[in-house]
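Here is what Swiss-Prot records for this protein:
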ACT_SITE  Ser163  active site
ACT_SITE  Asp399  active site
ACT_SITE  His459  active site
Amino acid sequence: MMMRCVNGQTAQDHLVTQLPGLSGNIGVKSYTGYLLANATRGRYLFYWFFESMRNPSQDPLVMWTNGGPGCSSLGGEASEHGLFLVNADGATITRNPYSWNRVSNILYIEQPVGVGFSYSNSTDDYQNLNDVQAASDMNNALRDFLTRFPQFIGRETYLAGESYGGVYVPTTAYNIVEGNGKGQQPYVNLVGILVGNGVTDAEADSNSIPPMMKYHSLISIKYYEEGYKACQGDFYANQNLPACQKFLTDSSNAMGNINPYYIYDSCPWLGINLQQKLKTTQEMTFQVLDPKTQQPVKIHPLFQMYKHGGWSKRVANERNFAPRFETDAPCVPNQSIAKYFRRLDVQQALGVRRKTADPNGWNICTGIINYTQVYSTILPFYAKLLPHIRILVYSGDTDMVVNGLGTQAAIDKLQLQETSSWRTWEFDSALGTVVGGYIRKFEKSGKGLTFITVRGAGHMVPLVKPDSAFYMFKNFIDGTCC
């Protein structure tokens, strides 16, 4: 039997007391370790936990995941809303004045297995990952965390994530709700979820990309109209028609080497020289299943840019060379983050006990996993969750990859009652009161779904607009917004 310490954690958990590159003490209690996700297969998910700086004994517990699939949640900690942000030199870190642990106890989990420091004793798992297994593993890992830290049993709990987290978060939330109903222990007091620029519904998400390109002058109105005709009014359904496919490919190539995750920015660190150095014929396998036949379907790369291989394909097609094997999130200055977490002294400080599953070492996104997208739409999960929890869906409005137009179209499919129509939301910044974005509210069975845009933000909202993101997050978990 594992001996339990007085403050709740077990001998499996590592108290982080210092971090290389940090000037001064950490300042909060922080733990790392490996959470049991599946006992039969021996799957373990690495986590990094930070106590709240406000009131750790009362503030909610928030579990965060990044997307990919295959991208590490430590990237969210180190570049978005974590307490410590990795500097460009990859050697030093800076305290983040807008860290989300200022008002919450936050748990970053690297998942699925094969990502970051997470691993499986059954190594064939890395080639057989999917949405169903990921949700089950996250549910189990969270309950294992509560077992180790029983002070959070019964505490208000939120799940949060971005990008492919739009699949991870709702599916995991429903797995938790079902588990609670079946008596799975310990009980998780799940009260809400937050999804940022999240993959939601394949049809709505995909059909919004060409209009987004038109509205932001990335393609001409005339060419858009020609493409709309070639695709017979439905870009997603008719993407494999030769004329439609040509329009999608040509539109994709016409953008040039911009950053589709933040369209008013360039993508210098995904330059052609770097691509040519790293090119290979191999790339991560990612299958999408047809919901009716459960057979793999062919999806155009323009509709798969949220997957870190999709952008590679687009640039490769444009420049007429083989796509690179993506081992990092495109258009994010992440090499500094990889450099930091690959350091032996950093891994020792974090209590890392074994090598990464990725032979290349820790990467912000791994290329070793094969992942199958089981759900082409997450809307049924939203419908099932609404009677139980609050939902916040937020969208940086300069992201083309998973943009707010598609997210709104997806939400409208739920046919919810709109309780508050489109209006601004504001917050106090260093410049005074500013418009943070726009908001719509919906309701079903007494629980609410709120859609928020974050003005000027991209795919990873806290990366570009940390102040807006913190205000939105704080007010949602405090119940003063949405």
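Placement of Cβ uses the backbone N, Cα and C atoms for every residue, glycine included.
In three-state terms derived from DSSP, Asp399 (active site) belongs to neither a helical nor a strand segment and is classed as coil. Within 10 Å of the C-beta of Ser163 (active site) there are 28 other C-beta atoms, taking all protein chains into account.
Secondary structure at Ser163 (active site), as computed by DSSP, is coil. Its Cβ placed at the centre, His459 (active site) has 29 other Cβ atoms within 10 Å. Under DSSP, His459 (active site) is assigned to coil, being neither helix nor strand in the three-state scheme.
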